[in-house]
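Visitor: Pasting in a structure now, in structure tokens, and then I'll have a few things to ask.
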């Protein structure tokens, strides 16, 4: 007896890029003996054998059921809206890397039952590829050009090419296609130019570029000497500024102490009245110690020459001291010093 058979057996593996669309084929032919209701199921077989198969979409009793697998609810559909025509193929839109797996199509129409497995691999294109230079870009040094993609499904392959100049890689270059490293040994100025790296896998490519500039060696000794001299000069200037600042602060402090410092061992200046009294006291002491015969020389001394605030003289008068012998009491027992006190007569003379 004959029964239904699946005719799409030519391709069982698919490789697609992330974001693309894939159509998993499942066409079949019914037999006259198949009289039962048509039933079509698509299931996802997990890589882990411990997990159960997951129904993702189904056609049964003339209806489509696509709510079994939430991860693909909005991204899958039957290719033919009416699978009864013999086409139960499945479309998956906007593919993701998580969609990678084994899919199985089951067609049932009693008494016939057939199934087909398809392997789907969703690859990620290389993206965000970055180029860099490692090593000193000096003549005679070894320089390494590096290339790496931040995204992309393995296996990634890298290839370098020279964009400017001869557009050929230097003869001393060594390329590692798996790591993306291009080693340029014993670099010369002829190696300078723009280099481009192309990262690729089975579903796409991505590219980046870098500029190489090979220069003569730098005179490091001169740079170090210049840096040392500059540092010493800077320290000298700084030390000079600090010295000037400290000196200025000391001068200000000294001036402030000179203007405001009060010496306690120096007596205050005497007033005019104190000076006059002191002068008269000394004269009186001198008069008291002299005899009447010696007093004649002092009778002609102008009184105006003695500074005093205790006496007043009339205008036009020129008082003179007149010797006068005044008996002084004996004050030695009292601890006092005898003092001669002058007296003024009616004619203005001092007695």
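Using the three backbone atoms N, Cα and C, a Cβ is placed for every residue, glycine included.
Any TrEMBL annotation is an automated prediction that lacks curation.
From a predicted model like this one, the values you see are computed outputs, not experimental measurements.
According to TrEMBL, the feature domain 'Ig-like' maps to 2-121, 126-215. Residues annotated as transmembrane segment in TrEMBL: 221-246. Annotation source TrEMBL lists compositional bias 'Basic and acidic residues' at 258-267. Taken from TrEMBL, the feature region 'Disordered' applies to 258-327. What TrEMBL records for 271-307 is compositional bias 'Polar residues'.
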Visitor: For a three-state summary based on DSSP, what are the helix, strand and coil counts in the domain 'Ig-like' (2-121)?
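Guide: Helix, strand and coil residues of the domain 'Ig-like' (2-121) number 9 helix, 57 strand, 54 coil.
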Visitor: Could you give me the DSSP helix, strand and coil counts for the domain 'Ig-like' (126-215)?
Guide: 3 helix, 51 strand, 36 coil
